[in-house]
Amino acid sequence: MKQFLDFLPLVVFFAFYKIYDIYAATTALIVATAIVLIYSWVRFRKVEKMALITFVLVVVFGGLTLFFHNDEFIKWKVTVIYALFAGALLVSQWVMKKPLIQRMLGKELTLPQPVWSKLNLAWAVFFILCGLANIYIAFWLPQNIWVNFKVFGLTALTLIFTLLSGIYIYRHMPQEDKS
């Protein structure tokens, strides 16, 4: 259910883009993200920090897109979110000395410290590369290609990287945890 809620604004954005234009899609994205946030609060009495940050960025960059009637702002949102994710992962590892991935999954998984560090760094690099790819596609290719990349390309890349991370984790789990 939660994964569906996370992807709902993206689906709404894509549908409105295909039916109308980038500005209607941006408006729909803001509304859908707000509805999902409100629903999460009412249903689960909890809103995740990243969902709240994403909502704020959607409102800010979406609002700028609509106010200035300039789609470059909504295109930057993707890269800014990925930069924040990468930054949080790197700060957790290099400043706080405990990888964010370990903080998020450490209660469920037992892994050696170097594995947590490599996994954390891999996700940071992944987010940086996705942000850079977004910049290139958003500003050098036609808008419809960027929308398809944002909706399908980044989603597929994230799913593939999640699967690869799962394989990496499984390979490094203690033998008794694998069964």
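Every residue, even glycine, has its Cβ placed from backbone N, Cα and C.
As recorded in Swiss-Prot:
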TRANSMEM  22-42  transmembrane segment
TRANSMEM  50-70  transmembrane segment
TRANSMEM  76-96  transmembrane segment
TRANSMEM  121-141  transmembrane segment
TRANSMEM  149-169  transmembrane segment
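Listed stretches 22-42, 76-96, 121-141, 149-169 were compared with the transmembrane segment (50-70); the greatest number of C-beta pairs under 8 angstroms is found for 22-42.
When the stretches 22-42, 76-96, 149-169 are ranked by Cβ pairs under 8 Å to the transmembrane segment (121-141), first place goes to 76-96.
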